[in-house]
Amino acid sequence: MLLGKRISGRYKVLEMIGGGGMSNVYLAHDMILDRDVAIKVLRYDFSNEDDLHRRFQREALSATSLTHPNIVNIFDVGEDGDLHYLVMEFVEGKTLKQYITDSAPLSPSEAVEIMKQLTSAIAHAHQNQIIHRDIKPQNILMDGTHHVKITDFGIAMALSATSFTQTNSVLGTVHYLSPEQARGGTATKKSDIYALGIVLYELLTGKLPFSGESAVSIALKHLQTDTPSVRATVPSIPQSLENVVMKATAKDPRNRYQTVEEMQRDLQNVLSEERANEKAFAIPLDDDGATKAMPVIKDASYDSLSMTKTLVKESTLAAPVEEEKKKKKKWPWIVGILSLLLLVGLVIVIAFPGLFGPEKLEVPDVSNLPLSEAIDKVEEVGFVAGKESQESSEEVEEGQVIRTIPQAGKIRDEATEIEFIISSGKESVTLADYVGRDINEVKELLASQNFKSIKENEEFSDMPEGRIISQRPSEYSEVIPDETDLIFVVSKGPELQSVIDLTGQYNEKTLNDYAKSSGFNIDIIKDEYSEEVPEGFVISQDPVAGTKLEPGSSIDIVLSKGPAAKKIKTYVTSVEIPYEPDIPGTEQIVRIYLQDQTHSLTEPVDEYVLTETRMQQIQLEIEEGQKGAYRIIVDSKVIFDEIIEYDSFE
């Protein structure tokens, strides 16, 4: 039991939440990313199936390239000893099969909404060249909002390579098996379309179209029996919606939708009033104008061939000897009579061919011929040129015949119409919109689609490095892969710019102007006092000038508050100014000069007439670290000239 154990030391198994023919599914917790995941573990029955392991890993890794809202994401693929596992997104809810069991039949509108999601997911897978191969409600998860997600992409391919024959599992898948798969053919994109049609049938009716006691009997019905009418079960279903079911589940893949996108487009307006009186879908006629019938195959078990041989052998051994002898006596006469009749018949046919209807002719091989030449050749033999239709081809040039219907070598009556299938050239694909996607992922995807010429031009952009800026041809263009030159302009990331020197020159206003022109963000983180930088201007910046940055990067700025305030002391003194005129009684002129925080010795702070000796008070406001001074001049004579140091007084 895995419950409680850790797979690869990372995924702690919490509980088993499902199981199938080849694997079991567990709820686990990713101990590294701290999230719940679903882990699909290959069953121990297949521990020795090396080829299965390789296919399991290869198909799972291929499916990891799918990113779509309706596809379960695959996170990891790995091994832990003999344990082979796949780590997927955990979707909380139920399977679509459980929902059908609980709620079907669904209303047409609800069924269509679910199918739109499913066709969108499968279309995305097909665009990435991935075929699901095992579409069924059991492989579709639904959350509480009726959002569906498809799981198990590509895993069916791994299963198909094994010796796996467990009956219940075969029955679980055969209900959705396409006729070509039932015959043992390879699954194609149209096999997925068939399975989608069966799922739609089940959504609308609540039951499967075909049932039986064995997988073989169900597979035979897929081969031989037309899909039942959904309207026979639910008469209220519009004919237009039944037509979608019937076209998707056509026995011949050529009569189905050509692509899932075509089916998706049909579903977009299937319930519109314009299609209310739509005619019932009809299967096209075969080569000779008659409805094509599938060959009848008797119902049998898996060992039907060996059982038949055994019965024949037992019957032969049990026959009485006498009866055998009687038969031996009769046979020579019977053979002789039949031989004579056959000989007579051959003579009549050879001698009188016209007695038995039109002449039988062999259809000539006109492949790879221009249409006009092909028509001439067919008419020359004795056939009549019929309708023409086109089909893409990788081998046959455009305008030339791919094949005829009936095919070359077939024997048909003279004057039979021969249909020509003409090459429209190589198959074109619709380019997706790759803008914004990673160039390496896109190149890998396009290489898988056979694109040969993929060129890149790089330029600076606001988009992350490696992302596609533009493409040529544009999205939704129809192109032929190996004949198309794809050109992508890829982002080198934003162009780096050098930061300029902002210190001492830029203030808040000019910084804003620089931010607009450069695309940088300017962040003023603080203000500081500065003796050198004027108030309001940049003291420092980070990063420094010359650093290369992406637009949108931030530059941290420190602004100046100017010089810091200093301590001021007041110096006060009184001096006596003597009155000593050269001529007694005359006036003298006194001029007082100060130097401190607010004064300079260049201009007098006071001037007056002296007629007698007087006292003069001197007051200086001296800043820390500075000097003060005063000078007194009487007439033109300096009588006081003192310098006062800041620290010389208290």
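Just so you know, glycine gets a Cβ as well, placed from its N, Cα and C.
Features of the protein shown, as given by TrEMBL:
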BINDING   Lys40  ATP binding site
DOMAIN    11-271  domain 'Protein kinase'
DOMAIN    357-424  domain 'PASTA'
DOMAIN    425-492  domain 'PASTA'
DOMAIN    493-561  domain 'PASTA'
TRANSMEM  333-356  transmembrane segment
State the count of C-beta atoms found within 10 angstroms of the C-beta of the residue listed as 'ATP binding site', not counting that atom itself.
24
To what whole number does the mean pLDDT across the domain 'Protein kinase' (11-271) round?
85
Take the domain 'PASTA' (357-424) and count its residues per DSSP category (helix H/G/I, strand E/B, coil), listing them in that order.
11 helix, 28 strand, 29 coil
